[in-house]
Ligand SMILES: C[S@@+](CC[C@H](N)C(=O)[O-])C[C@H]1O[C@@H](n2cnc3c(N)ncnc32)[C@H](O)[C@@H]1O
């Protein structure tokens, strides 16, 4: 599988503008992003590019004063490791959860230490939405509960759920690379209660969970909400992110049609995480 990297120079560079670009590229199917001011690096599987309009960068809506310049290059499997190794710094969420790669040493002692070798999969804790979801898990009762991590990426949330005492964890991603990466990271962290699957919400059928985590994007969340709600036990909780602050009302409206009421909303740099109960 080969990926294409787009190096997007953002002028003037600001995290708000970068978030606006990331949100639009995510909707188009871009899967991984790295911020390297003044550039944003965006990655997509090369074979998915044919499904996009040829001038898709020209269609991106930017704040009035912002401009972008884009360069592209193909990243072959063999040099992908170098790309992420030079860009991935350890991160600590809420002073309690460290997410690091296996090549990071001398890291601080915290309650939870997750080792992620992300390669091409999303979920290192650097993205605001992952960090919001980690924070939500740290602040929730997870011990003894069944957890679904839908759109697991690197598996970081599933791994934290097991570390927080979940009785069973199911991790699902529809991207083969993410699924394989989750399997690797499950092994790296010695997790035994996570079962990973390649697929989407159609796998859920009649399975029921106490907690559902879904950090994907607004369109997918809305499309699959009824399946998530159906797979949530009575009084269960669902945490959703991958949405911008302005999308919260839309998501809450769709959730209420599926019998879910909001219990909390958290924001980070324009991104949002909303939790609901059944
Ligand atoms: C934003 S990433 C989140 C990864 C990780 N859970 C985190 O919080 O960092 C979204 C993930 O959802 C996956 N995904 C996208 N659409 C999906 C779908 N319909 N069903 C399952 N997974 C999906 C993508 O492949 C990607 O790995």
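Cβ from N, Cα, C; glycine included.
Where the annotation comes from TrEMBL, it is an automatic prediction and has not been curated.
Record features (TrEMBL):
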type	residues	note
BINDING	130, 151, 173, 215	S-adenosyl-L-methionine binding site
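Features per TrEMBL, on structure.
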residue	record	CB count, 10 Å
130	S-adenosyl-L-methionine binding site	26
151	S-adenosyl-L-methionine binding site	25
173	S-adenosyl-L-methionine binding site	27
215	S-adenosyl-L-methionine binding site	28
Diameter of the S-adenosyl-L-methionine binding set by C-alpha atoms, the set being 130, 151, 173, 215, in angstrom: 15
